[in-house]
Amino acid sequence: MTMPNALHVVHDVKETDLAAAELAAGQFLQALGISTESESMRGTPGRMARAYAELFSPRPFELTTFPNDEGYDELVLARNIPLRSVCEHHLLPFVGTAHIGYLPGHRILGLSKLARVLEHFACRPQVQERLTKQVADWLQTHLDPQGVGVVIQAEHTCMTLRGVQAIGATTTTSTLLGLLRTDGRSRGEFLTLTGMPG
Ligand SMILES: Nc1nc2c(ncn2[C@@H]2O[C@H](COP(=O)(O)OP(=O)(O)OP(=O)(O)O)[C@@H](O)[C@H]2O)c(=O)[nH]1
Ligand SMILES: [Zn+2]
């Protein structure tokens, strides 16, 4: 188990070759028969490269935890955290919200870190199931709480804007760990507060 550490900086180090990405984006558009000769589209390959680089670049953050001096042992839940990620099958966005909660143990987490952990795992080609589990597992490892719950609801544009074009369809995934999985009262409270049927 990784011990909580207030000075731990979470950062994905990754090389991004924007020039190569811009060249490839131009060739990609050309292969699709889309001309980039007009003044307004001349910069499009570069914009595409920078846009995807941004979608795949999570902001580094400091993992701040505090001692749970009062022995608070009820649910801490951040609801409606905005989510944007990119599906790994089509590289199209999926967008929605996440509800992330935990039952504290010896430490509590700076609240904003719940959203930052989500961003950390969302800024890469993803599937919603893996994203949900990665956020929950990360919190379990770094905070060692009594329980963790993550619910994500998202619209996958690869499913709504193309392909089957199921406009308005959303997908819900959840991961419950520790007491939020095994203790009926805690589980029920979490699911009620996140709007999930028990
Ligand atoms: N399980 C899961 N599937 C996803 C996610 N995002 C996209 N997909 C699916 O990934 C699948 C890829 O299937 P393929 O049959 O290879 O792709 P496709 O021919 O474009 O399929 P259609 O979307 O049905 O046209 C599709 O069914 C998508 O809906 C996700 O987060 N989780
Ligand atoms: Zn997709």
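Glycine is no exception: its Cβ is also placed from the backbone N, Cα and C atoms.
Small disclaimer: the values here were computed from a predicted structure and weren't measured.
Pulled from TrEMBL, these are the features on record:
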DOMAIN    24-193  domain 'GTP cyclohydrolase I'
BINDING   Cys87, His90, Cys158  Zn(2+) binding site
Environment of Cys87, His90, Cys158, the listed Zn(2+) site - residues of the same chain whose CB lies within 8 A of the CB centroid: Val86, Glu88, His89, Leu91, Leu92, Phe94, His156, Thr157, Met159
Surrounding CB atoms that lie within 10 Å of the CB of Cys158 (Zn(2+) binding site), all protein chains: 16
Assigned element (helix, strand, coil) containing Cys158 (Zn(2+) binding site), judged by DSSP: helix
Secondary structure of Cys87 (Zn(2+) binding site) (DSSP, helix/strand/coil): strand
Mean of the pLDDT scores, which run from 0 to 100, over the domain 'GTP cyclohydrolase I' (24-193): 97
